[in-house]
Amino acid sequence: MGRHNVTWVSEFILMGLSSDRQTQAGLFVLFGATYLLTLLGNGLILLLIWLDVRLHLPMYFFLCHLSLVDICYTSSGVPQMLVHFLLEKKTISFARCGTQLFFSLALAGTEFLLLAAMAYDRYVAVCDPLCYIAVMRPRLCVALAAVSWLVGLANSAMQTALTMHLPTCGHNVLNHVACETLALVRLACVDVTFNQVVIVASSVVVLLVPGCLVSLSYTHIIVAILRIRSTQGRRKAFRTCASHLTVVSISYGMALFTYMQPRSMASAEQEKVVVLFYAVVTPMLNPLIYSLRNKDVKAALSRVLMMSSELKH
């Protein structure tokens, strides 16, 4: 290809989910309500952990980071998506596209690594409860959280730089709802073999390795639970992991299915579903799962409501 044809664009046009105005209006209401629930749910989790000293434990330290990631992740793409539902032409500038891609990749990677850190926390709590406080020291918790954030940011910086550097030869129509790696790579007019290798390598670092660590942790947890003789003891041990296991299954399952499969099997529609799932559904479900299936969080909420009621009187 002649070098004069290798060019970059100043903006992208997003095709979105539908061109029908009534459908877009319905999606605006649905995703808008979901976004508000996500902000309220995760904000409430952060508030409860901050206000209730009984929740100042390693598990809730990681949950606090997870809620913060969910708020930031959904805010990196959903507001733009809502605006586009109201517009005839859905455009996003090159700079905003790169910024959106960076934050979505960074926050998604951080979340997967945080879930692995939380799995280790649950492993220690179930398999070695007497040493839990000694093992899960504040310094270790901070280190695990810091590594999750740093690896997520570094991975995102590398992927974003490589992806946004790809020339598109004037093509700027993205068959997607947001600026997403696979959609941008598909738009490129040069050889993208290196980018595909980087995407797979990145998936191994932030998806496959943490996923294997989670699987290993829960294998030991299941073995430990089966060794407990009393039925009540087994139920109590399982309850300590149920919420986290549910979130892990949802998050890792779809991501591994999408990003670790051969490129020839991937489809644009499938990628749209996954992006919407992570940007809209998962951040809303996480606080619901952790609050409805966690007696400590429910008890903390009851205490805060009682305190607020007493203050009014």
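Just so you know, glycine gets a Cβ as well, placed from its N, Cα and C.
What TrEMBL records for 25-51 (among others) is transmembrane segment. Nonlocal intrachain contacts for the transmembrane segment (25-51), taken as residues 6+ away from its ends with a CB within less than 8 angstroms of a stretch CB, comprise 17-18, 60-61, 63-64, 67-68, 70-71, 74-75, 78-79, 81-82, 85-86, 280-281, 283-284, 286-288, 290-291, 297, 300-301, 304.
According to TrEMBL, the feature domain 'G-protein coupled receptors family 1 profile' maps to 41-290.
Summarising the annotation, TrEMBL assigns transmembrane segment to 60-81 (among others). If one looks beyond the transmembrane segment (60-81) by at least 6 residues along the same chain, the residues whose Cβ comes under 8 Å of a Cβ in the stretch are 16, 31, 35, 38-39, 42-43, 45-46, 49-50, 92, 96, 100, 103-104, 107-108, 110-111, 114-115, 117-118, 121, 141, 144-145, 148-149, 177-178, 275, 278-280, 282-284, 286-287, 290, 296.
Annotation source TrEMBL lists transmembrane segment at 101-120 (among others).
TrEMBL lists 140-158 (among others) with the feature transmembrane segment.
Annotation source TrEMBL lists transmembrane segment at 197-226 (among others).
Positions annotated as transmembrane segment by TrEMBL: 238-261 (among others).
Look at TrEMBL and you will find 273-292 (among others) tagged as transmembrane segment.
Tertiary proximity for the transmembrane segment (197-226) is limited to same-chain residues at least six positions away from its ends with a CB under 8 Å from its CB atoms, namely 108-109, 112-113, 115-116, 119-120, 122-123, 126-127, 151-152, 155, 158-159, 162, 181-182, 185, 234, 237-238, 241, 245, 248, 252, 255-256, 259-260.
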